[in-house]
Amino acid sequence: MQRRGALFSVPGGGGKMAAGDLGELLVPHMPTIRVPRSGDRVYKNECAFSYDSPNSEGGLYVCMNTFLAFGREHVERHFRKTGQSVYMHLKRHMREKVRGASGGALPKRRNSKIFLDLDMDDDLNSDDYEYEDEAKLVIFPDHYEIALPNIEELPALVTIACDAVLSSKSPYRKQDPDTWENEVPVSKYANNLVQLDNGVRIPPSGWKCARCDLRENLWLNLTDGSVLCGKWFFDSSGGNGHALEHYRDMGYPLAVKLGTITPDGADVYSFQEEGPVSDPHLAKHLAHFGIDMLHTQGTENGLRDNDIKPRVSEWEVIQESGTKLKPMYGPGYTGLKNLGNSCYLSSVMQAIFSIPEFQRAYVGNLPRIFDYSPLDPTQDFNTQMTKLGHGLLSGQYSKPPVKSELIEQVMKEEHKPQQNGISPRMFKAFVSKSHPEFSSNRQQDAQEFFLHLVNLVERNRIGSENPSDVFRFLVEERIQCCQTRKVRYTERVDYLMQLPVAMEAATNKDELITYELMRREAEANRRPLPELVRAKIPFSACLQAFAEPDNVDDFWSSALQAKSAGVKTSRFASFPEYLVVQIKKFTFGLDWVPRKFDVSIDMPDLLDISHLRARGLQPGEEELPDISPPIVIPDDSKDRLMNQLIDPSDIDESSVMQLAEMGFPLEACRKAVYFTGNTGAEVAFNWIIVHMEEPDFAEPLAIPGYGGAGASVFGATGLDNQPPEEIVAIITSMGFQRNQAVQALQATNHNLERALDWIFSHPEFEEDSDFVIEMENNANANIVSEAKPEGPRVKDGSGMYELFAFISHMGTSTMSGHYVCHIKKEGRWVIYNDHKVCASERPPKDLGYMYFYRRIPS
């Protein structure tokens, strides 16, 4: 029976088609239409490949099977790749509110149930506009359109699916860490916790487990002040379980993890309750051991009242307040909206995408990266980097208002707001999802995020192209045994130069002393504070402090076969193409209060560090014997190593990340963690020291019997690792060669999505295709690659640099405050302050935190 009343559009703008044909159109696609489950992420605010939204001119298309969203330019790509034909098209129409009798009324919302969770444009005054939301189903490839809501005419399953999509919450709210942080229970021991009056005071640094030498994953027992290491399986970090043993011996229930204490709280664990807990009296319990966690929490932003006025000038100078700054528009002048303490990410990404190598690697390869992206591009690093880079560089989201367009819009009574600035919400959600700090809404250290990003770029490099190579350099470390005078030269990889602040070299010491006396007097008499006097530090003094020898704690002398005093000096074994300099402004006082050196350093526009070039072993120097220190593995770790061979897929990635951030090759870090049985980064580090001279040190982990991602495909026997034919068929149906599909699946443990990533990241495959076919056909082949291990990739050159960008921080610590970025483009400085991009009039180069230099060609 023909349904009555419903009509839908026919492509080409022709007539209408009767509703009775709705069922016939949807029947072939019914198996692909899903109702979102509780764990599904439904994207209806933002395209997976661009920053298009329902506010965009073309609206947004939500796939009714994957619930991914696509702008008009990208929906066809998803249709071709997946064959999914049914999409929900979402469009928001905005009009300026008619003034008069209705003036001052609340904005008019039509179809109010459609976009309950749609983000509003913060730049628009909602009192001035009304909007109408439109939703319809679109069937590809013929673009049949069915208006929604259409309860009477659509099949029940389709109606339920549409309602579920329209009422779903944002996927970012689902993964907001505050959701689970608030669910941590209050410990039943917190109110009446017994604390021993034993005189223990905990220093702000230099901690070590009281029962072993571990210096990471340390926990402070809140009863007796013991500092002991945690268990490796608690939070995926290394430890020998001495904190748990102490609880079993003494029964003291609560411990706090050192290194997580902030004015907002800390990680507290209850051994008795066997899980994370909250302690409402944590400040008092920490104060018992000399830790004043609330010392910086006098105001909402975490600053003491006395800290506010002295810092006002810093905020004004860095943001160039009081100066009328000219807004900048167009390619390369797009801002990033602040998601709430996300300015550290925005500043780093603006600097990163001002570098041509990153522009070419991602935006330059956009069609290829997007075409070969995995089925869920929101969970792919390269796709999201490309999306962000295109958003920043295309100019598509940074357009100046044009008078003629404004007049035309007024005549049509429809407002088409220009989108200035993009929201990095999808990018931040992905790059921070495995990091406990970056995934929070708290302020973070821009330097730490920079290293985290470099690590992700390294792990997800596109074939042989790795844009982070421009930052990589080799550091030569010379360690001298003070007792025998013998030396050892080693090299390590680094990505930035950390420059100490030479406070003792201040050129205005008399002014500083006078200011400090006046400040204390004003505080004592509750008078206004004097105008801030900032220490002026010569850059040359900081450079000299970097070159000075450092004492080495716990140095093991191979000449003495025992621990001894040692001194270390560092030099550049190679100079990077781009030099990142971090000014070490942040520290902790003895009272545990985070402090920032409020200094002015005369950073040069032209930098010459050629004199810091490493020279290697000098005549007359005698090398320390090449003897490694003994590896000490705890007894419980030995038992676990003897009795259990872990699966390569279970490798503790957090320990791998810790080691990789020290500069060791990623595959070497994976092997170190694997062969030490997931016993923590400390033990794995010792393994690296022992094995780093071996020829296969940096080669991928290859375990007989496993075909994981780390295993070399050339080390497998032909039929031992044959992938299922149905998965091979899926890949070949996408246009890839069969032998290409087989090799990709063998290299990724038969994981379909990872295999597609592998194919895209190995463009050199075709050159070796004949060899792969021969290997596949020969079931008894056992060919092992004899390629030499690849050393660190560095781009050495001269030590002459010019400044092109710097990131500045305002506030007293990395846990609070604000970041902005200045970049020199087209001969002039530009300030990037979240979504605001303006020409800089007075760039505060002396107050920066991170500086980006590019090498001057010799």
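From the backbone N, Cα and C atoms, a Cβ is placed for every residue, glycine too.
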Matching residue for the Zn(2+) site, where Swiss-Prot names Cys209, Cys212, Cys229 - out of His242, His246: His242
Rounded to the nearest Å - Cα separation of Cys229 (Zn(2+) binding site) and Cys343 (active site, nucleophile): 34
Cys343 (active site, nucleophile) CB neighbourhood, other CB atoms within 10 A: 25
Residues satisfying Cβ distance under 8 Å from Cys209 (Zn(2+) binding site), sequence separation of at least 6: Arg215, Leu218, Val227, Leu228, Cys229, Asn240, His242
Cβ neighbour count within 10 Å of Cys212 (Zn(2+) binding site): 15
Other residues, Cβ within 8 Å of Cys209, Cys212, Cys229, His242 Cβ centroid (Zn(2+) site): Ala210, Arg211, Asp213, Leu214, Leu218, Leu228, Gly239, Asn240, Gly241, Ala243
Inter-residue Cα distance where the pair is Cys212 (Zn(2+) binding site) and His818 (active site, proton acceptor), in Å: 39
In three-state DSSP terms, the structure that Cys209 (Zn(2+) binding site) belongs to: coil
Inter-residue C-alpha distance, Cys343 (active site, nucleophile) and Cys212 (Zn(2+) binding site) (nearest angstrom): 39
